[in-house]
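Engineer: Take this structure first; my questions come after.
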Ligand code: GAF
């Protein structure tokens with residue numbers, strides 16, 4: 001995986017705008033070991049920042065124009081700081097963040113910005129959150145905004161809600177901003193307390209297979225899932241007023257509501273209740289080095305996401321099954337929001353190449369599609385380059 005340097009970005013900026021940028025920011029993508037669709041339910045997640053990252057080079061302007069250049073698409077978008085509105089393009093991840101600075105009371109000046117990176121788009125590895133975090137971090141430096149990382153995370157999340165229209169949780173931005181090499185982070189999405197968990201993989205590697213599909217349902221169904229979970233919690237609160245979020249629901253409480261809530265709402269709730277418990281147990285597996293037990297939990301997560309939460313797709317199911325057919329794969333599941341993107345696989349050392357070959361061949365032969373493969377290398381969070 002090609003890592004970009006300061007001089008790469010400086011050169012790119014000069015060719016797009018002439019002159020030099022004031023600053024360059026790198027912000028990573030993320031994987032999530034376990035704890036999917038739990039963040040907006042105020043539960044737990046276990047993500048890690050990865051070496052694939054977004055890079056932005058920014059220069060302040062003296063007027064109120066914003067000029068953006070996405071090098072990877074060779075596309076330019078211009079806007080005016082006085083009229084920031086969603087465009088329905090990649091530019092929203094930048095403009096949405098500028099809008100949040102304005103909402104926080106900062107007069108955002110015009111700026112020129114070049115963006116590039118190596119996080120595959122639509123792969124479930126949070127390329128959009130990485131852009132938002134890079135821009136938030138960069139503007140904060142440029143304007144002397146004085147926001148801390150957590151405030152920047154919240155601004156990035158709010159930008160996604162307001163400009164991209166996805167009511168996402170906080171995991172992706174948090175992982176990008178707070179990542180730590182060789183560690184995952186156990187984040188409590190309610191209190192926002194977190195601790196780093198060493199990712200000692202005890203003779204295993206994490207491998208990602210990109211399905212290379214992104215079904216159009218992704219954003220709309222994501223918001224529907226969130227709404228279904230909210231409906232489930234509201235219903236259960238009528239009988240159990242102490243419930244604040246899904247994590248306060250026990251399996252017994254949920255069972256009492258079977259047949260008393262819409263079938264889909266019940267299925268979504270049962271997945272989330274189980275997933276929170278699975279994640280907490282998975283942390284023990286990681287700590288004790290029991291990766292076989294961790295793998296079993298990853299498989300259960302995939303089954304839940306596919307059957308109860310219904311956010312998988314034939315391509316992801318196929319990739320997970322194809323990997324698990326190999327005895328050296330301890331666990332496999334889809335990662336991220338779903339409806340496409342990657343699977344994450346726990347593969348025993350010494351078998352990585354063989355598993356990659358087997359799964360890639362099967363995907364081509366049975367699904368007539370090519371998978372891209374990434375071996376996970378963890379990384380530190382957002383920083384100046
Ligand atoms: C997407 C969202 F952006 C996250 O907040 C999270 O909900 C994830 O899907 C599913 O776990 O990446």
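Just so it is clear, glycine is given a Cβ too, placed from its N, Cα and C backbone atoms.
So TrEMBL says this about it:
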| type | residues | note |
| --- | --- | --- |
| ACT_SITE | 172 | active site, proton acceptor |
| BINDING | 36, 37, 38, 39, 222 | substrate binding site |
| BINDING | 122, 123, 124, 125, 126, 127, 128 | ATP binding site |
| BINDING | 128, 160 | Mg(2+) binding site |
| DOMAIN | 12-60 | domain 'Galactokinase N-terminal' |
| DOMAIN | 93-180 | domain 'GHMP kinase N-terminal' |
| DOMAIN | 285-348 | domain 'GHMP kinase C-terminal' |
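Are these features on the surface or tucked inside, and what touches them?
Structural biologist: Of all Cβ atoms in the shown protein chains, 30 besides its own fall within 10 Å of the Cβ of residue 172 (active site, proton acceptor). The DSSP secondary structure for residue 172 (active site, proton acceptor) is helix.
Sequence-distant neighbours of residue 37 (substrate binding site) (same chain, 6+ residues apart, CB-CB distance under 8 A): 225, 229, 271, 272, 275, 305, 309, 311, 337.
Shown in sequence order, 93, 160, 164, 172 are the residues of the chain, 6+ apart in sequence, with a C-beta less than 8 angstroms from the C-beta of residue 128 (ATP binding site).
In three-state terms derived from DSSP, residue 128 (ATP binding site) belongs to a helical segment.
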Engineer: Could you tell me the C-alpha distance between residue 123 (ATP binding site) and residue 222 (substrate binding site) in angstrom, no decimals?
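Structural biologist: Counting only the Cα atoms, the answer is 15 Å.
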Engineer: Which binding-site residues of 37, 39, 123, 127 contact ligand 1 in the sense of C-beta under 6 Å?
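Structural biologist: Only 37, 39 qualify.
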Engineer: If one measures from the C-alpha of residue 127 (ATP binding site) to the C-alpha of residue 39 (substrate binding site), what distance in angstrom results, rounded to a whole number?
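Structural biologist: Cα-Cα distance, residue 127 (ATP binding site) to residue 39 (substrate binding site): 18 Å.
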Engineer: Where's the emptiest Cβ shell within 10 Å among the binding-site residues 38, 126, 127?
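Structural biologist: Lowest Cβ count within 10 Å among the binding-site residues (38, 126, 127) is 127.
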Engineer: Pop the Cα-Cα gap between residue 39 (substrate binding site) and residue 125 (ATP binding site) into the table, whole Å please.
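Structural biologist: For residue 125 (ATP binding site) versus residue 39 (substrate binding site), the Cα atoms are 15 Å apart.
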